[in-house]
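Colleague: Could you have a look at this structure, given as structure tokens, before my questions?
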């Protein structure tokens, strides 16, 4: 048999084996091997000590390297399949054009510190801060660019269920809601001090969102906040006073989620009565009921004006609604594993099927062409609205357990800074053109029952 090792390597291996056998007390085997290999007295106790842990170190490093090689091979195969399905034109466009950017594995950062499942994530509209809420009663603030934990915010006495940054222009706040029946407001400019607690709901508060300023007849200037609760109601709050200014009732069961339109004039809510409902913010009057899901609805969101062209085509409309018009289309995700797209009248225009478990989070690409979803099947999926909602990308095993939430970072304001971001749609935009002066930031965060937050960035 030909020798793989050089004489020097073979000698090192022999000495390591003898030192290992000696260290675990196999003296007879040690003596027999020394005799057979003709290793003389120069291999004394001091030399033996030098070689003692060498074999184990090499053994464990080989296992580690093998794992690394396997991970790299998997990543290589994934990149190869992406390359195979891409044309030179689409590659060059995607590299330059943020409207075509989609997340890819692996995540840029995996953030770990929570001790219980993560329920929500939210981006600061200006700085590189990311907040995560958890069933461990805490909120953690991370720097998503560096992937570092900045602080842990404590105050809730039960699970934190949702988070949102927003508030009056120039005075960004963080709102959180919890199973302890309260909503809390924290000041990022004062070390996340708890500046106000809003009691009033009679059961767990499931979702909270700042309402962008510009709601009809509202002098609020970004002071309004909406919450959804297991007590079957929505409440609208004035954050400057802490008062509940309106209670909206109509759902027959737990309201799981609520989301405002980009101008704050409408709200969409959804929950355990298997319906989604559109409301006028100022009056609280119902505008439409969306019926069709066969199980509880976990998430709902208005489409941004950038998506109107694609969705109008899907809906068979000859003309796309103007960008200044809000609340034209809605997406909902439910426990029936489906995503449904609706128009503002409550007409179902498309059902997207592909997830193998409850759909837990939805976000529209700010470029308008894609809808992204996460689910309890541990995947993140990208649907192309220009191809009738075709599933064009799946990130398998984005997390090791159910994925509970997804957020897109708010766009960067090119001129005067603003302070609100709702589902990746910054506040302070002119009603006439909601996308004016905003550049897309290609950053997404997801949170999971596996206790991790993952940040995907270009």
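Just so it is clear, glycine is given a Cβ too, placed from its N, Cα and C backbone atoms.
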Colleague: Among 80-107, 108-135, 136-163, where does TrEMBL put the label region 'Disordered'?
Modeller: 80-107
Colleague: Using a Cβ-Cβ cut-off of under 8 Å, list the residues of the same chain that are 6+ residues beyond the ends of the repeat 'WD' (324-343) and lie near it.
Modeller: 261-263, 265-266, 268, 270, 274, 276, 278, 287, 290, 292-303, 305, 307-308, 311, 314-315, 349-353, 355-362, 364, 371, 373, 375, 383, 389, 431-434
Colleague: Can you count helix, strand and coil residues in the repeat 'WD' (111-152) using DSSP?
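Modeller: Tallied per class, the repeat 'WD' (111-152) gives 0 helix, 24 strand, 18 coil.
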Colleague: Take the repeat 'WD' (111-152) and find every residue of the same chain, 6 or more past its ends, with a Cβ under 8 Å from one of its Cβ atoms.
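Modeller: 158-166, 172, 174, 176, 178, 186, 188, 191-192, 401-402, 404-410, 417-421, 426-427, 443, 445-455, 457.
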